[in-house]
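Peer 1: Here's a structure for you.
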Amino acid sequence: MQTIPHVPVLYREVLEQFKNIKNGIVIDCTMGYGGHTSLILDANPNIKLIAIDQDQSAIDFSTKRLEPYGDRVVIKKGRFSTIIKEILKEYDISDIRGILADIGVSSLQLDKKERGFSFFSENLDMRMDEDAPLNANIVINEYSSHELQRVLLEYGELRNYKQIASFIVSNRPFYSAKELSDALRHLMPSGKKIHPATLLMQAIRIEVNNELGELESLLDTIQERKFLDTKVAIISFHSLEDRIVKNRFNEWRASCICPQEAMRCTCTNDNSLGNILTKKPIIAQMDEIQANPRSRSAKLRVFEMKK
């Protein structure tokens, strides 16, 4: 008997968006341990769900957890930016009613110290796909100072990124996430509720897993293929991701795609892909935050492609 590891973030809000689907296919781009997947399947008995994940341990767990759904669920291993393109070759795009992506590291990955995501881990790894070639050890101990500066500035938005990069290069090698975060504590912003090394670890993790590139690629595919009558829901956990989603949804909603400097519209003014269903991002309710403090940073934005 498997123990269900956790309740998925924003579970009520996600279910509200993906209920009463009469038929068709829903794609869960970030299956994890099957929380959102099972909720959506239970709420919509006539749909099929394609679940994607790159973490083999999550796939092993969810394969067993989702067995009762039989052929209603198909699990695919890999990065969603790649797998969704394969799905569109196998299935009719007109059958796809929903796309869900819960971006970022899962609670289960954070809690497994051997994965190297935690500040207290004795490893430097941070790979969501443990077969991927790039890991945190390479970023920290082999990247040049210039490369580290790019990572810390672009993905951590750290003001003293040059100072931190210089310190890392001068004091490496580092062998664990704990050693790294402890050594850099004096250079990290303090006085906030978050751990001083949060932005540092975020920056390294994003680099290792190409998280922003994956998100951009997913949104590119959705935009290029012009899904019809499909609901797209993205959960993000920090401002970099949320900014990408917000800006892209605004682009999709726009009817006119002429350059801002254009004197008059020459694009037919009929290019809108649909409507934004969330004027502001949906956030977790207080009872969920109390039960799962990590849900505090979760933001859900939803776009509905036109019919």
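Cβ from N, Cα, C; glycine included.
So Swiss-Prot lists these for the protein:
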type	residues	note
BINDING	GLY34, GLY35, HIS36, ASP53, LEU88, ASP102, GLN109	S-adenosyl-L-methionine binding site
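Relative to the rest of the structure, where do these features sit?
Peer 2: Applying an 8 A CB threshold to same-chain residues 6+ apart, the list for ASP53 (S-adenosyl-L-methionine binding site) reads THR30, MET31, GLY32, ILE59, SER62, ILE75, LYS77.
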Peer 1: Need the DSSP three-state call for ASP102 (S-adenosyl-L-methionine binding site) to compare against my parser.
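Peer 2: Note: ASP102 (S-adenosyl-L-methionine binding site) is in a strand by DSSP.
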Peer 1: With H, G and I counted as helix, E and B as strand and the rest as coil, say where DSSP puts GLY34 (S-adenosyl-L-methionine binding site).
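Peer 2: It is coil.
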Peer 1: In DSSP terms, helix, strand or coil for ASP53 (S-adenosyl-L-methionine binding site)?
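Peer 2: The three-state answer is strand.
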Peer 1: Could you check what DSSP calls LEU88 (S-adenosyl-L-methionine binding site) once collapsed to helix, strand or coil?
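Peer 2: In the DSSP reduction, LEU88 (S-adenosyl-L-methionine binding site) maps to helix.
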